[in-house]
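Feature annotations, reproduced from TrEMBL:
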type: DOMAIN; residues: A:142-205; note: domain 'CBS'
type: DOMAIN; residues: A:206-263; note: domain 'CBS'
type: TRANSMEM; residues: A:290-308; note: transmembrane segment
type: TRANSMEM; residues: A:366-385; note: transmembrane segment
type: TRANSMEM; residues: A:391-415; note: transmembrane segment
type: TRANSMEM; residues: A:427-450; note: transmembrane segment
2 protein chains.
Amino acid sequence: MFRLDKENRERYTKNILNALYENDKEEFRESYLELHPSDQVDIFITLDKEGRERVYMFLEPKEFAVIFSGLYFIHQQVCIEELSDEYSSKMLNNMFTDDTVNFLKRINQEEAKHILDNMEKEKAEKIQVILDYDLETAGSVMTYEYITAFPEETAENVLDKIRREGSDAEIVYYTYVIDRKGYLMGVVTLKKLIIADPNDAVRDIMHKHIVSIPADMGQEDVGKIVQKYDLLAVPVVTEQNHLLGIITVDDVMDIIELQTTKSFGEFSTVKDATETDTSAFTAAKKRAPWIVFLMFAGLITSGVIGQFEETLESVVVLAAFMPMLMDSGGNVGTQSLAVSVRGLALGTIDVKDLWRMIRKEFSTGFLIGFVCMVLISILILIFYGNIMLGVVVGLSILVTLSISAVIGLTFPLILNKLKFDPAIASGPFITTINDIIALMIYFSIATTFMNYL
Amino acid sequence: MFRLDKENRERYTKNILNALYENDKEEFRESYLELHPSDQVDIFITLDKEGRERVYMFLEPKEFAVIFSGLYFIHQQVCIEELSDEYSSKMLNNMFTDDTVNFLKRINQEEAKHILDNMEKEKAEKIQVILDYDLETAGSVMTYEYITAFPEETAENVLDKIRREGSDAEIVYYTYVIDRKGYLMGVVTLKKLIIADPNDAVRDIMHKHIVSIPADMGQEDVGKIVQKYDLLAVPVVTEQNHLLGIITVDDVMDIIELQTTKSFGEFSTVKDATETDTSAFTAAKKRAPWIVFLMFAGLITSGVIGQFEETLESVVVLAAFMPMLMDSGGNVGTQSLAVSVRGLALGTIDVKDLWRMIRKEFSTGFLIGFVCMVLISILILIFYGNIMLGVVVGLSILVTLSISAVIGLTFPLILNKLKFDPAIASGPFITTINDIIALMIYFSIATTFMNYL
């Protein structure tokens, strides 16, 4: 059990490193290649330049291809610089198409062209097709390493084919059934193949109702479909149902995970602008519209404050608590937002029960607001010696937090009803709405009590 | 192609509904059961009470089990109320353990006990074991429907077993090899089994270096391991390596996805408090500490404003632009945060290159700030007729956005260095830091130009 037993793991790693630095090729190859590729990668990235060059020497390009595929892009760049053209083209020829593409689409076009020129012509052409698909589409993450069969082949034929070609395929559990022109007719699982009578024609045992996706489908939707139908891979087809490639579940998992960080980007209104390799000018061009739009929305708060200029002029110290009040409202609102978004995702929110949820969220906001009210009133009394100021700020925080909680709960539900993704669309708007409400509450209360301040 | 062709799909659905409401059991069963379970679910949830009761009548408990497993919890509750005890216990006996557990852990303990009492005793006991694991651990999402073999069995034996037991298993592509006492010895893939000589002993073709996880491992870590090693399922074992159950990749994808909404919760400092079924008091107790803590942090802004009370007293209108300025700084900061967090997740950030990234992010913030400066200055000149006020606010937004961008970029990198998860920990703090900096810049500039305002 190499992987999860830390002590064992350390000893094993030490043996491998010893073999490497003592130039014991045999020993190194035996113990290193036995590891899961993911563990090979973990060890490789700890090496210095000398260590890396030994690895290139000890391993065949085909063996190193597996490690290279698992590296982060910044490490891949280092390797490519260190490797001879011959070694790296052999290595790239032996990688799964999707892994090669993954690397090529991140380097500049000239370098990519140089690398493609050094590869097998047929493979290079196939890769170019994938590179030509828009980033973020299904086409750009598909791969060609799958097994196909014709409808008249027998289960036994296909099993033989899997035995022969299986080690070059990214997935052997699905065989895609196509006609002579390459149109997708169905899929047969390895399970069906071994259960079937060896002489059964594939046509009679395949699933005909199959899930397939167009090459221009967004990756996010691909993730949703694979998840919905619990697939291990999904075929990509043309409009005419011509089989183009497949996307496997491990890539889909990576997509779902990247989606997380992307949602994070969208949440902060920076969709498509999180790439780290664009110029400042391009990034600014993409990001500025939102910031400007939200700046204008933010000017509504200036209007609200303007309405209460008289109050503010007589009691300037009120300005000191504006940011704290707005932030607290925003924080409680975001918490309620999270409750709401998570409830929607988990399916635990029943809209029929809305009234009860609103009451509950209001109570929660009220209770938190009450605690804040007591604390802030005491603090203001101590530091400003002004009990009425404490009452005004305290009451404001109580009312603001109660209302912010309800807004945070209901806003995503409304967005969801309107078919927007609540996790993405809620963020920036809720801040502005909360700010406006917090300021109106604050200055209304302050104006009412102005004579006592 | 039922699934993705909308028109076709609508016609097909209409046929099924017609058959259902015209009481044509044969026709309904034939067309409905042909669908993927996920599509069966989609149709089922559109039905009214009458429709649902017809479905219970037309389908065997075993057939309905598949649909029930795919329903959201709120729909499951409705069904359980409508179903007879006999039908529902038969149905639950026919569900995969993990799906049954998923339902039972959400209803109250009394109801769960009642349901377990009506189930097959052996199955109920096994389910109870899983229910006893802490939520969010590997143990609580594992299932028992997998295939095992002894090391001395031949490949042919095991293939026969898969043919016989395959339809009851959640995954047939991995066979777990155990000794007579139930200790996990290795795993053999279906691919290996069909490639191997039929007389080969499983012992000789199994992988011995296998990845397994303890039952108390957090679900998030399970997701990471399955993703790292590209597994279709992972075995759960005791400390002594006794095989307890497995977790399949489709459940792992659901975990990764829920993780997204959970991160969203953590991002808003509401970890563990997003459950919708707790009381307002419990929720407030969990959520209040953060709000109170951030309220105190927010008071630093009051201190900053207090420092500039004189300036504010002479030019009260300055207060009107505080919220807009703070929000804009916050928005740019969050964008840069997203760039940074995504870069860390994708591995495209090279810390050696930090200085270049800072310069780039500063330039981006400066460019956005420049656009905002021009626009806001013109607006203030038009609406307030005060050119110097426009200059002060404009200059402040320029400086604030440039600095916010750099903070948004570097803060996650620092957190990452300190081994905190930057996606989670950055959110609330960055707001407060940004607010303080924005206010200091604003009032410093305003104080400098005070005589001209």
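Cβ atoms here come from the backbone N, Cα and C positions, even for glycine.
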- Listed stretches A:290-308, A:391-415, A:427-450 vs the transmembrane segment (A:366-385), most Cβ pairs under 8 Å: range A:391-415
- Let me know the model's mean pLDDT on the domain 'CBS' (A:142-205). 92
- Residues outside the transmembrane segment (A:391-415) whose C-beta sits under 8 Å from one of its C-beta atoms, at least 6 past its ends, are 318, 321, 325, 328-330, 332-337, 339-341, 344, 349, 351, 354, 357-358, 361-362, 364-366, 368-370, 372-374, 376-377, 380, 421-423, 425-426, 429-430, 433-434, 437-438, 441-442, 445-446, 449, 453
- Query: What counts of helix, strand and coil residues does DSSP assign across the domain 'CBS' (A:142-205)?
  - Reply: 24 helix, 18 strand, 22 coil
- Item | Residue counts (helix, strand, coil, in that order) that DSSP gives for the domain 'CBS' (A:206-263) | 25 helix, 16 strand, 17 coil
